[in-house]
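Record features (TrEMBL):
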DOMAIN    77-300  domain 'Anoctamin dimerisation'
DOMAIN    303-886  domain 'Anoctamin transmembrane'
TRANSMEM  314-341  transmembrane segment
TRANSMEM  392-412  transmembrane segment
TRANSMEM  475-502  transmembrane segment
TRANSMEM  522-543  transmembrane segment
TRANSMEM  570-588  transmembrane segment
TRANSMEM  686-709  transmembrane segment
TRANSMEM  743-763  transmembrane segment
TRANSMEM  841-862  transmembrane segment
Amino acid sequence: MIEIFRVVTKGRGRRVSSVKNSLNCPFPLLFCCGMFCAAVLENLGQTIIPDLGSLESQHDFRTPEFEEFNGKSDSLFFNDGQRRIDFVLVYEDESRKETSKKGTNEKQRRKRQAYESNLICHGLQLEATRSVLDDKLVFVKVHAPWEVLCTYAEIMHIKLPLKPNDLKNRSSAFGTLNWFTKVLSVDESIIKPEQEFFTAPFEKNRMNDFYIVDRDAFFNPATRSRIVYFILSRVKYQLINNLSKFGINRLVNSGIYKAAFPLHDCKFRRQSEDPSCPNERYLLYREWAHPRSIYKKQPLDLIRKYYGEKIGIYFAWLGYYTQMLLLAAIVGVACFLYGYLNQDNCTWSKEVCHPDIGGKIIMCPQCDRLCPFWKLNITCESSKKLCIFDSFGTLVFAVFMGVWVTLFLEFWKRRQAELEYEWDTVELQQEEQARPEYEARCTHVVINEITQEEERIPFTAWGKCIRITLCASAVFFWILLIIASVIGIIVYRLSVFIVFSAKLPKNVNGTDPIQKYLTPQTATSITASIISFIIIMILNTIYEKVAIMITNFELPRTQTDYENSLTMKMFLFQFVNYYSSCFYIAFFKGKFVGYPGDPVYWLGKYRNEECDPGGCLLELTTQLTIIMGGKAIWNNIQEVLLPWIMNLIGRFHRVSGSEKITPRWEQDYHLQPMGKLGLFYEYLEMIIQFGFVTLFVASFPLAPLLALVNNILEIRVDAWKLTTQFRRLVPEKAQDIGAWQPIMQGIAILAVVTNAMIIAFTSDMIPRLVYYWSFSVPPYGDHTSYTMEGYINNTLSIFKVADFKNKSKGNPYSELGNHTTCRYRDFRYPPGHPQEYKHNIYYWHVIAAKLAFIIVMEHIIYSVKFFISYAIPDVSKRTKSKIQREKYLTQKLLHENHLKDMTKNMGVIAERMIEAVDNNLRPKLE
């Protein structure tokens, strides 16, 4: 008996366990084994097809029933009106294709027939209907019967309701503000709150324990679609040389099927005519995606119910991030206004613009041969702008953002824990199944260290090391490619600066506004930023495909592992791609230029760039504005205009048949498919924005405000896109935001360092403070009290024109007259000094102050961050209590029901034993 059992159940362990559990047999062992084997054979005959060579060579295919469209455009059921459509497969009939490739068409047809036959053998029910508008298209509707749903719900460990949740919700501590929150919340009379239940992983042999009021409603549409997609992804359609080809994804990629998707439940503009339809799509559009709902909270429970937990957790995170940005935006605007209102008190900017100070300071040429001498006051306008951003408010805002990002991450963890409890994803890791692509490659047999049983893996430890090495090398190569592109941009900046210096005006003419704003530095910065943005977009498009290929080769086990691996590769690439130019401007430009008599050359040819006399902070602000703004515009074009235009073109081509009534499945087919990576790019877009908001916020206090406005629109744009322009996604489970959480934590730690270094090395705040407190008064200064007067003269060193090297001599420009000296931005001794052109005492004071500032600022912010992280637990006490209470009640309920079943079974056994004894003794007594 045991040997027969092993033969029959080989490779079917998980399937058989569900059958075994469904038999609660109180009879003697031999009879139980016989019944068990019979049940196994019966179930195998229903759900599993034998591996008899090439599946496509079999002739006894079971085909779906063909039915004509019954004219009910809103129907979500088969023509019988009873069986619900859980999934739709679309293909083009090969017999009606206008092509001469008959052999190829025949192969595709037989593969599809084999696949559909195997679906029927797995217990699914199929019904085919031809398209109303295009008779070449055939729609195969898939329905999962009750038995199939129960079987796979147990295999997939899906949690289902046991009994209604009787835990009382604590009343809000802000009861006086209920009127305000009511205005922002969705009307509960329109979207009714979901009833809460205690849940447990489904088991067929404990079906009576679950809260089954209506079989048709026990599995909601999202769960039904998820179960059906699980089956579709694992059913075989071809077997060649012991290698199986399977899964709907491969069939769609090869063109055998045109599409595969679950159905929307109704049109988004109006409710369904079917009275049994919940009209959830219509409600989501009206209360979530419509512009008039922009001020309302998101109906997260309905989003989760309709699209699944993975979509729900994304919108929950995006909404929470946007709420937290409101505080950062308010503080950022306050700091910006502080700088704007105090720009008239900016003494050093006044000196730059003053005709008797900045107008008489002659600056040295910033490149060889072609660049002229120039007056300092041509940077007057940029110095005024710089006063707005390079102020004391910027320092306060940088410290605040270091604390803000910690508060955001810690409070999000608490909110995420609440969603895990409310959405039943606390123990999700135990539920997740291996990807079908992984299962297909499992050919090596190893012994599991925990269970000491045999299991199959796709490659050995040595093979895994080789794959990791190759993948890491590929990622490293692409990062080097990005660095090469950044070097190319730097070379462009160095080259074009010479051209702009030669072509643009050298003197300020008040009647020409272009001369006031378009300096060589500004023109170089703007054009380089635009070119950098274009290169970023091109490299993004190429690397996307490369990253997917690398991750597919790596072969992660579960979908979560796959997405986390791809996330790390893509973010590492995007981090270098988006932020490299900003890091160059912030920390490298103007830092290693030497001095006019001994300049430093890039690649031995190009003289290194110098910053404006006010520093590179304004240029960094310009770079951030262009990249953030350009990225937002580009993403909105991709996310909104492209799907809308594609759907518009599709409707234009179908206008001839528009008078016909089309079924729900055909309407959804003509919507745009969601990309293979789903929400990956939505997360990536927001995390890159999060980096701009935190890493370089010291140079641009308005970044949180721009991010806030963008995110308010982004939430509604994404909602509009999902509900109106795209087919319904396959619902997926998700416990958290995955690898994006540690990425944000890494950015938060790095942001403290970058902002401290921006204030210390990119802005002029530290040199100004050193001058104010040390060099404006004796012994180094001549003023009797602390002041900023004379700061510009003190920070510009003197160079003797006669000391120019041959490469710099012979300057053709003489509009500013013959000069014996010129000024340059550095802290060096003047010519004639015993240590001429060496760094002076001011320089070393500034360096010491900068290093001290970085150390103090980092330690203060990190101390506050770690204290906040320690003080705020990841899971609130209230949520912990709820989780423990639910576990206790669930275990108690299941245990009590199990005891009842055992008592009932023992009673049946006792009655049968008494009856058997009575039957045996009665003849003897008689």
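Sequential numbering from 1, following the chain as shown.
Backbone N, Cα and C define each Cβ position, glycine as well.
The recorded stretches the transmembrane segment (841-862) and the transmembrane segment (392-412) share 3+ CB pairs below 8 A when only pairs 6 or more apart in sequence are counted, and are therefore in contact.
Residues 317, 320-321, 324, 327-328, 331-332, 334-336, 338-339, 693-694, 697-699, 701, 704, 741, 744-745, 747-748, 751-752, 755-756, 758-759, 763, 765, 857, 860-861, 864-865, 868-869, 872, 874 of the same chain sit 6 or more residues outside the transmembrane segment (392-412) yet have a Cβ under 8 Å from a Cβ within it. With a cut-off of 8 Å between Cβ atoms, the residues of this chain six or more beyond the transmembrane segment (314-341) that come close are 297-298, 300, 303, 387-394, 396-397, 400-401, 404, 407-408, 411-412, 415-416, 419, 679, 682-683, 686, 690, 693, 697, 701-705, 707-708, 711-712, 714-715, 718-719, 737.
Against the transmembrane segment (522-543), stretch 570-588 shows more Cβ pairs under 8 Å than any other of 570-588, 686-709, 743-763.
Residues 365-367, 370-372, 520-521, 523-524, 527-528, 531-532, 535, 539, 543, 546-547, 550, 569, 572-573, 576-577, 580-581, 584, 602-603, 606-609 of the same chain sit 6 or more residues outside the transmembrane segment (475-502) yet have a Cβ under 8 Å from a Cβ within it. Taken together, the residues of the domain 'Anoctamin dimerisation' (77-300) have an average pLDDT of 84.
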